[in-house]
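Taken straight from TrEMBL:
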{"type": "DOMAIN", "residues": "44-74", "note": "domain '4Fe-4S ferredoxin-type'"}
{"type": "BINDING", "residues": "C54, C57, C60, C109", "note": "[4Fe-4S] cluster 1 binding site"}
{"type": "BINDING", "residues": "C64, C99, C102, C105", "note": "[4Fe-4S] cluster 2 binding site"}
{"type": "DOMAIN", "residues": "90-119", "note": "domain '4Fe-4S ferredoxin-type'"}
{"type": "REGION", "residues": "166-213", "note": "region 'Disordered'"}
{"type": "COMPBIAS", "residues": "198-207", "note": "compositional bias 'Low complexity'"}
Amino acid sequence: MGAITGTFKGFGVTFSHMFRKVVTTDYPFKPPVSAPRYHGRHILNRHPDGLEKCIGCELCAWACPADAIYVEGGDNTEENRLSPGERHASVYQINYARCIFCGLCIEACPTRSLTMSNEYELARDNRQDLIFTKEQLLAPLLPGMEQPPHPMRLGDSEKDYYVGALSNPGTSAGAEHAANSPGRYQVEEHPGVTFPGAEQQAQRAAAGKGDEA
Ligand code: SF4
Ligand code: SF4
């Protein structure tokens, strides 16, 4: 008798689920949308003129509990300027076989160069491909930006860049959503969420700055 009751109880559970909303997603054809502040793949951001924000200080590497970041600094010269100020990252790598997406590196970054995007499709079929290089991590050039190396366009010192950043806080924020972004993941609109600097970037592009050689 107990066995029969148990059987009907089991079918009852199955039956009750038949009328619930289906949670199956059509992945990978329709990737689910992540939260706006989801911690995904990193991005090395740029200044509004295209220069790199990374100064090769290695603070992100020291902050990383998983030893996932490797940085080598290099000197900027007038002929080869990649960032404002004295130094840039000549080598920058993140090993996604190690990264635990804790975000401590982006907290440590003094220039807001390093941020995290919403991109989560990071599976690879070998370990070597999980080591992302600087070229893969750099934000794409947005309209109005100029491919480095080039002189500082926003002021004579790096201070001009960072003081200006108070009113123009990181024009590459949201660059992962650009049409030419690396990776195929595209984030849908999040009503009420605007990415900082997007408006200034649009104004700069409209003014045609960054096109001068
Ligand atoms: S998110 Fe965490 S584990 Fe990943 S690189 Fe940054 S500090 Fe290291
Ligand atoms: S990403 Fe930030 S913390 Fe890391 S080396 Fe570049 S400037 Fe320094």
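Going from the start of the chain as shown, residues are counted 1 onward.
Every residue, even glycine, has its Cβ placed from backbone N, Cα and C.
Feature map: TrEMBL annotations on the structure.
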residue: C54; record: [4Fe-4S] cluster 1 binding site; Cβ within 10 Å: 25
residue: C57; record: [4Fe-4S] cluster 1 binding site; Cβ within 10 Å: 17
residue: C60; record: [4Fe-4S] cluster 1 binding site; Cβ within 10 Å: 25
residue: C64; record: [4Fe-4S] cluster 2 binding site; Cβ within 10 Å: 20
residue: C99; record: [4Fe-4S] cluster 2 binding site; Cβ within 10 Å: 20
residue: C102; record: [4Fe-4S] cluster 2 binding site; Cβ within 10 Å: 14
residue: C105; record: [4Fe-4S] cluster 2 binding site; Cβ within 10 Å: 24
residue: C109; record: [4Fe-4S] cluster 1 binding site; Cβ within 10 Å: 19
Binding-site residues near ligand 2 among C60, C99, C109 (Cβ under 6 Å): C60, C109
Whole-number Å value for how far C99 ([4Fe-4S] cluster 2 binding site) lies from C109 ([4Fe-4S] cluster 1 binding site) (Cα to Cα): 16
For the domain '4Fe-4S ferredoxin-type' (90-119), mean pLDDT (0 to 100): 93
Residue among binding-site residues C99, C102, C105 with Cα closest to the Cα of C60 ([4Fe-4S] cluster 1 binding site): C105
Residue counts (helix, strand, coil, in that order) that DSSP gives for the domain '4Fe-4S ferredoxin-type' (90-119): 5 helix, 9 strand, 16 coil
C64 ([4Fe-4S] cluster 2 binding site) to C57 ([4Fe-4S] cluster 1 binding site) - Cα separation in whole Å: 14
Other same-chain residues whose Cβ falls within 8 Å of the Cβ centroid of C54, C57, C60, C109, the recorded [4Fe-4S] cluster 1 site, in sequence order: I55, G56, E58, L59, V71, A89, C105, A108, P110, T111, S113, L114
Rounded to the nearest Å - Cα separation of C105 ([4Fe-4S] cluster 2 binding site) and C54 ([4Fe-4S] cluster 1 binding site): 13
